[in-house]
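The structure appears right after this line, and notes come after that.
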Amino acid sequence: MESPHQGRGQEPEHERAQGAEPQEVQRRFAALTTAHLADACVRARFPVRCAPAAMQAVEPGSRLVGRVLPARHVGSVDVFLEAFEAARPGDVLVVDNRGRIDEACVGDLAVLEAQAAGVSGVVIWGLHRDTADIRAIGLPVFSLGAISTGPLSVGDRPQGALESATVGEWTVGPDDLVLGDDDGVLFVPAERADDLLTLAETIRDTERRQAEQIRAGVSLRAQVQFDTYLAQRRQTPSLTFREHLRAVGGAIEE
C-alpha cells in the first residue's frame, strides 16, 4: 500500500472552533433526538443542515455524535488513513464521495480502522459495502446504501481534501458537530452547540408535557386553545397558527 503522504506534504492541522466539550455534547444528546435539534435550529433562526433523507444508519437504532473529521474520497483509502492520523477521540469521519451510487467507498476495513483510531462513527455521502461485517464491528455508520463494488477508479486528490466535506447541499468541516439517529443526520456548528442543545431540551420537555396530558385525557387541541385560534382567525384571516402558539405559550412547531 502506498504511503498516505506519498507525493504530497502533510496537511496543516485545522484549528477547531471552541464550543461545548464533545463528552458533554454526547451526554446531553443521549436524551435528545436529531428532530429536537432540528427544531432548535428553526427556533433559533439558524439553517437546518440535514443530510438528505436517503442517509440512513447501516444498523437501525444507531446513534452518533462528534466533531466532523472530513475526507474527500477520490478512489483511494489513503485519504481515510491520513484523516485518522489527525483524529481526536470521538471524532466522526464524514466521507464526501459526491453522493455516488455506482460504487462503495467505505468497507469493513476502513470502519475497523476508524474504530481503532478512536473515531466514534462514520457518515458517508455515498455508499458502503461489507454490511454484515460493519454491523458486527458495531461502529455507527450512516450512508446512502450498499453496493457490492468498491471504487471504480482513482482520481486526482482535490485541494483541501481533509479540510471540508460536502453532504447533500451542505459543506462541513472540523468546526461542525455531526449528530445521527433514526431520523437521519444533522450538522450544527460546534460554537453554537450549547445554545442549541439547551433550546432542544426545552422543546423536548414541552413535548413530553404535552404528550403526558394527551395520555391523561387532555387533547392537544385543548392544550393549545385551538377553538380560540379558530375564532380569532375568523376575525383576522391573516392570523397564523404559529402566531397563536406563541401567544398562548404552547409552541409545538416553529
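Glycine is no exception: its Cβ is also placed from the backbone N, Cα and C atoms.
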Per TrEMBL, member of Arg88, Arg129, Arg135 binding substrate alongside Gly107, Asp108, Leu109, Ala110: Arg129
Binding-site residues: Asp108, Asp130 - member with fewest neighbouring CB atoms within 10 Å: Asp108
Of Leu109, Ala110 (the binding-site residues), the residue whose Cβ has the fewest other Cβ atoms within 10 Å: Leu109
Env. residues of substrate site, Cβ within 8 Å of mean position of Gly107, Asp108, Leu109, Ala110, Arg129 Cβ: Ala104, Val106, Val111, Leu112, His128, Asp130, Asp133, Ile134
